[in-house]
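Asker: From TrEMBL, here are the annotated features:
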BINDING   A:Cys74, A:Cys77, A:Cys80, A:Cys130  [4Fe-4S] cluster 1 binding site
BINDING   A:Cys84, A:Cys120, A:Cys123, A:Cys126  [4Fe-4S] cluster 2 binding site
DOMAIN    A:65-94  domain '4Fe-4S ferredoxin-type'
DOMAIN    A:111-140  domain '4Fe-4S ferredoxin-type'
Amino acid sequence: MQSLTNRNKPVDRAPMNFWERLYLPEIFKGMIITLRHLFKRKATIQYPEQKREFSRVWRGLHVLNRDEEGRERCTACGLCALACPAEAITMEAAERELGEENLYREEKYAAKYEINMLRCIFCGLCEEACPKDAVYLSETVAPADYARKKFIYTKEDLLIPNPVTEPEAYAKAKGLEPNENRLTGKR
Amino acid sequence: MQHLEIQPQNIKLPEGSIEKQTTTLNLGPTHPATHGVFQNILEMDGERIVSAEQTVGYIHRAFEKLAERRPLYQITPLTDRLNYCSSPINNMGWHMTCEKLLRIQLPKRVDYMRIIIMELARITDHLICNSVVGVDAGAFTGFLYVMQYRELVYEIYEEICGARLTTNIGRIGGFERNFNNTVWTKLEKFLDEYPKALGELDGLLLRNRIFMERTIGAGPISADRALNYGFTGPNLRAAGVDYDVRVHTPYSSYEDFDFIIPTGKTGDCYDRFLVRDEEMKQSLSIIRQAYQKIQEFKGPEAEVFHADVPEYYLPKKEDVYTKMEALIWHFKIIMGEVEMPKGEVYHCVEGGNGELGFYLISDGGRTPYRLHFRRPCFIYYQAYSEITKGSMLSDAVITMSSLNLIAGEMDA
């Protein structure tokens with residue numbers, strides 16, 4: 001076979017020499033490598049007690065966001081459901097009544113918002129599609145459960161705690177310093 | 001034999017049955033040695049394989065059909081799941097196909113960033129393949145040692161896109177975000193530490209007599225037969241043909257880089273191992289060159305991470321929240337209502353295990369009219385029966401992992 005380029009370099013396929021044929025020297029060489037690893041720092045971590053930190057942009061469990069006054073940001077525009085390649089998101093919109101201004105930020109809100117975590121592939125397209133900073137993927141992983149039904153997360157499961165009434169729970173759920181932009185990871 | 005109650009000559013077969021000289025053996029679909037769902041129906045004469053028949057379709061997920069119902073940007077997560085050992089290459093290949101259709105020119109810096117990601121993915125892919133060849137030959141240790149270094153690469157992906165295996169990295173027209181400092185430090189750490197780990201893997205396997213005798217002469221294929229089957233990538237190069245998509249039809253500015261194409265002679269498992277080993281070293285050198293080139297950008301150029309195409313690349317989030325124009329573009333792009341040109345494009349990239357091609361036909365609608373993935377594994381698997389015919393069963397197992405057959409890519 002003639003060469004197609006001038007960058008061709010045959011690999012070194014030298015036959016075994018005497019020492020390699022003897023088999024033992026190479027085995028000892030390998031043993032030394034493994035023995036050296038015995039004294040190296042271990043690469044594993046003790047998982048449930050010790051946890052590795054996710055990156056700031058980790059695509060984990062979804063969170064429905066609230067604004068600083070504790071009002072739901074979602075306006076049920078449906079872009080996240082449209083952008084979802086796994087078709088995991090369903091929602092129903094409703095109109096805000098008088099007197100509900102402290103609950104919902106805009107005149108329209110999601111009365112029902114469900115994500116099927118068994119369908120979700122955590123691609124992050126919903127977060128990217130959201131024009132209201134209402135849905136984002138947090139730095140946790142979706143927990144395991146026993147029944148399929150429990151993987152359909154409703155709005156109550158997804159909503160972040162209210163920053164006005166439960167500021168501590170909110171800060172814990174957020175896990176972020178304020179004013180951080182999640183998409184760029186910049187403060 | 002005297003102590004046995006039933007003696008072979010006394011066994012009476014049911015009437016009408018045919019006496020067979022060979023044994024039928026099902027290797028797979030869920031065999032621990034096949035690393036994925038592959039079924040091989042082998043006719044065995046003792047330990048030798050007389051004939052083999054493959055079954056495909058165990059994890060068929062209808063990706064090509066699904067893609068006909070998705071706007072371009074939603075197809076990226078599907079490509080993640082082709083060759084999941086090197087999903088960033090698939091993602092980038094898909095983005096480049098779209099860019100070819102939409103006629104988007106990328107800035108050089110984005111090209112180089114893509115090259116870094118693609119070469120990292122190639123390293124992880126080859127690393128898994130080579131260490132798994134070791135595992136199938138009975139050397140488990142090397143596999144465990146190199147996994148730590150794959151972890152480093154996965155942390156780099158995690159910092160850029162937020163996921164490790166099914167990355168969905170990059171967007172049409174660039175990247176979703178610029179590489180931050182953590183990425184660069186982690187990349188430097190990887191470039192620093194990885195050659196040592198590769199040296200260890202070589203030390204454990206490369207000149208070891210057991211490994212050499214297991215792999216030399218196992219599963220060979222000649223250059224002619226490989227070309228006839230349509231082999232590409234490391235498997236073709238191991239057979240002696242120096243064909244590399246990165247050199248023959250350069251994409252993403254690969255022409256700016258200097259690297260060599262390692263080739264083997266006989267196309268056996270040992271050749272494939274050596275070719276992949278050398279390719280990892282070449283990939284490292286490409287990453288170093290790209291990193292150096294990226295550092296040379298100064299001023300506003302050094303912050304570019306996407307092409308200036310507001311029709312296809314999403315506007316900044318801050319603008320979407322505050323500006324009407326940006327919000328309109330945002331809605332248009334997400335809903336897939338941007339203008340799509342009519343036409344056919346084929347784009348191929350040098351994937352982890354061969355030429356990964358995307359054949360996209362657009363009729364101007366919001367979704368592709370037809371999309372075909374050219375998946376190298378599917379082609380290698382056709383040759384599997386010819387390669388393994390006459391060899392031992394244990395060689396067949398090692399050949400399968402050395403061809404780098406990945407079930408996710410075989411069935412789209």
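Using the three backbone atoms N, Cα and C, a Cβ is placed for every residue, glycine included.
Curation does not apply to TrEMBL; its annotations are automatic.
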Asker: Tally of helix, strand and coil residues over the domain '4Fe-4S ferredoxin-type' (A:111-140) according to DSSP?
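Answerer: Result for the domain '4Fe-4S ferredoxin-type' (A:111-140), in helix, strand, coil order: 5 helix, 9 strand, 16 coil.
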Asker: Grab the pLDDT values for the domain '4Fe-4S ferredoxin-type' (A:65-94) and give me their mean, rounded.
Answerer: 91
Asker: Centre the Cβ atoms of A:Cys74, A:Cys77, A:Cys80, A:Cys130, go out 8 Å, and tell me which other residues of that chain have a Cβ in range of the [4Fe-4S] cluster 1 site.
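Answerer: Near the [4Fe-4S] cluster 1 site, the remaining chain residues are A:Thr75, A:Ala76, A:Gly78, A:Leu79, A:Ala110, A:Cys126, A:Ala129, A:Pro131, A:Lys132, A:Ala134, A:Val135.
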Asker: Sort out for me which one of A:Cys77, A:Cys80, A:Cys84 has the most neighbouring CB atoms within 10 A, since those are the binding-site residues we care about.
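Answerer: Result for the most crowded candidate: A:Cys80.
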Asker: Using C-alpha positions only, work out which of the binding-site residues A:Cys120, A:Cys123, A:Cys126 is nearest to A:Cys80 ([4Fe-4S] cluster 1 binding site).
Answerer: A:Cys126
Asker: Select from A:Cys80, A:Cys120, A:Cys130 the binding-site residues whose C-beta atom falls under 8 Å of at least one C-beta in chain B, and return them in sequence order or as 'none'.
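Answerer: Correct list: none.
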Asker: Please name which of the binding-site residues listed here, A:Cys74, A:Cys77, A:Cys130, is nearest in space to A:Cys84 ([4Fe-4S] cluster 2 binding site), Cα against Cα.
Answerer: A:Cys130
Asker: Which has the fewest other CB atoms in a 10 Å radius around its CB: A:Cys74, A:Cys120, A:Cys123, A:Cys126, A:Cys130, the listed binding-site residues?
Answerer: A:Cys120
